[in-house]
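One structure is given here, and the rest of the page talks about it.
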């Protein structure tokens, strides 16, 4: 069985879908830091069900989804799948290839799939539980887990052992069982509370039944009186209603007549209104037509005015254009004359311009020749000046050097003097600080002695306090256990009392006889007179059967009295067992049968009942199971064999068995059990009181211990010591600093004196060189002055020639400018002539168009004038028709006004009639409402219809006295207060509920006992498996450790179990390699700790190997020699376990059969490159 494939998509840096195929043996995953190697390990841990994002190196779970790069967008989900070859059936499934898939979406949704079938996280965890392959098992080992395994905290080591022992399921089951036990205890407490409440309620209901019967009698009398008085009131209201109905009928007739007249007149008015509306419509249409005609007249007038105005404007435009054409023709003639004159003047101006240019060229040539000679003189002068500057620069540098040497000499002399003064000051300060340092040191020693004494006192008090706390906790746990047991006993006693007091499980007749406590005939029911151990109750229940309900009497007289009581009370029949009539002389032979117990021996009973039990249990034997009963039944056909579960078997072929629920007597031995429990409870109460007293004494002792005072004193002294130590350290540092400064000052003074001598030597050397440079500077400066005078004379001649050249250039430019002006004016005249010609031609075209448009407008004006005259005639005719319609409309409007006035008078009369009718109807409604109220009240109270009762009053019926009697009865009824009228039904219901709760309590007590037994069984089984696994791992650990280190090294695994929880153990690793004696394992080197942890892991693999193991850089702290041992260890286990190693070590890589390189060619995106080592080696050999 091995991990064959893993597929990643969108997980952390794996943006693209990646598949990794693994073979058996060793596989390495390599690559530089930060490329995403460990992301592969995180993916395997995540798909195995890891829920803590911090273990996946992420603050929240959604961060494991690829978050995008500069080029790639973030993904919306991630998916990881692993495929496991289940060839050894380690996983509890029928499939040989198991693929587990987990998806996570960015919105928080997630999916789990098992062989591509959706499932739950619990299914995944259950699949890998106790296989060594879970997300927190030892199949994935990181370097930090090595530290955790070696650390003082043993929780991680304990998890490894639990996984190897396969007790994870047991602990989970035990946890569930504990929760069920707590739930059962809470339910039992609730049932006890409810039982007490229900019993109280049943007693109250008995009183309410009697109260309800008395109230029923009062209600019957109330009903008779109330119905009679209601019938009388009904008759009085009917007599008032009859005349009112006649008045309503008369008013309704008058209303109908007025309504008919109003309707007729209203119809005529509506027809007239319709005619008026028709006239209004015609008026509107006529007005609309008249408005349209007037609008047309107005439009035509406006159009005529526009045409005339436009014609006038066009004529003015033609006149203006003719004037412009004449003016522009005159201007064109003037420009043509000017152009001819300018052309004649251009030739002489051109000749003058040529002569001025020749003179300018001659002067320009003379200036160039003179400037060349001056440039040569300037260069020579500049060269001489640079030579003088270099000499001056050398002189200045030399002078600066000498000045610097003199300044340095003065500075060195001052430094020597300051150093001498500083040395004297330091020596004086050190002498003054020595007494203070000695006093501070002595004070520190005294304070430390006092602090040690306080710490010893504090340790003593803390130890005493811890001892008292431990004793208190033990007492609390003991007291809690005692109180819990006390409550449990109390509940069991209450249950026994409930069963005994309610006579559950007894026939009706026996229960009746048991209730007669005073003067009860006989001894009582058999089930109350015997006692049986809990384990034997089922067997004795089956053996005695119905006999448990027999009623025992001493003699026949007691039995006759009991029969007589039953007959009088009609309580049915009862089986009686009369002790005097049982033949006790004949001895019953109870043969001893091997493998069976006599039933009579399992029953505790008074001596006087032994004859009855011998009779009932003769030849009854109890065996372990039904197989034993069958075998013994063949050998002893005369006997009856009963199993411990209550199954009966006889040789005659009869078998009695099945579920025990409802078929057993719940009273069997309850009385004896109650007496026994009461004795235990009394003794336990004394024990609880003693434990409470002891706890109070411990609390008093604990409160008397004042560790805070000692802590405060110690803290105060520690602060003083700290201040003194700081002061001493400061003084010592000042002393060391002073000594160092004195030594440094001596060294610095020696160096300064040597430097001063060197400065003096240098000053003497530079004096001759200074004098030589000053002489050379003076000679060179004289030569420069001569050359400067010659250059100044040449520059004067150059300036005069340049001025003459500038004047000639001005004269040439003036001649050229005159010539250009004449040329420009001639060109402008020609352009003006062309422009004027174009404008004249355009204006002539405009005049032609305007004259054409004037002719067209004349025709439009004539046509518009004719249309306007016709529109005026039509508008006049429409105005006459509108005046006739308005006259007819005013006449009809007057007539309609008169009709509407008559209608208002009639409607006013009709409204008055309706008001009278409404008043009569209100009075009628009030009477009918009172009648209906009487009927509804009677119907609501008594469920009868009032009109169906006789209306006559009985003779001698006094209405006033009856009303007083009615009020008295109602007051009596109110004095009863709240009465449960369904008390009898509720009483029967609550009684049934009480019986049900009693049975439920028994079930809970039984369940609680069974759960405690289950927890004990789980603890026992899991502890056996854990101890067996621990012993095997311990032997393997010692052997592997000796293989990796030295056989003489001291190594062991120690275990310390807890009395409170046997499965919570402390496992300690003892490892002392190469003769070292470390006080704690944390003191070992990194490599030694890593090999020790690996020894423990592989020791566990020898007991329960994981099909695959992922080692994430666990070889990082190992040197080459230890890496060799590590690889050798892996080779031993590779046949049974597949190893996947994340490593940077070359030796580890070389030992693997396959390599997977993880790179990050694109920033933020991991890429996988597979390499087969064997193929690579073959290619290397071939080459």
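Glycine is treated like the rest: Cβ placed from N, Cα and C.
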Stated Swiss-Prot location of region 'Disordered', expressed as one of 375-408, 409-442, 443-476: 409-442
From 520-565, 566-611, 612-657, 980-1025, the residue range that Swiss-Prot assigns the feature coiled coil: 980-1025
DSSP helix/strand/coil residue counts for the region 'Disordered' (409-442): 34 helix, 0 strand, 0 coil
Leading contact stretch, 167-322, 358-497, 669-941 vs the coiled coil (980-1025) - CB distance under 8 Å: 167-322
Spatial neighbours of residue 37 (ATP binding site) that are distant in sequence (at least 6 apart) but have CB under 8 A: 29, 30, 31, 1142, 1158
Number of Cβ atoms other than its own within 10 Å, given for residue 32 (ATP binding site): 12
Intrachain C-beta neighbours of residue 39 (ATP binding site), sequence separation six or more, cut-off 8 angstroms: 11, 12, 13, 14, 1166
Residue 33 (ATP binding site): tally of other CB atoms within 10 A of its CB: 7
Secondary structure composition of the domain 'SMC hinge' (523-632) [DSSP: H/G/I, E/B, coil]: 58 helix, 18 strand, 34 coil
Residues near residue 35 (ATP binding site) in space but at least six apart in sequence (CB under 8 A): 13, 1158, 1159, 1160, 1166
Distant-in-sequence Cβ neighbours of residue 36 (ATP binding site), under 8 Å, six or more positions away: 12, 13, 14, 1158, 1160, 1166
Residues flanking the ATP site, with Cβ no more than 8 Å from the Cβ centroid of 32, 33, 34, 35, 36, 37, 38, 39 and excluding those residues themselves: 13, 31, 1158, 1160, 1166
Listed in sequence order, residues with CB under 8 A of residue 38 (ATP binding site) and six or more positions away: 57, 1112, 1113, 1142
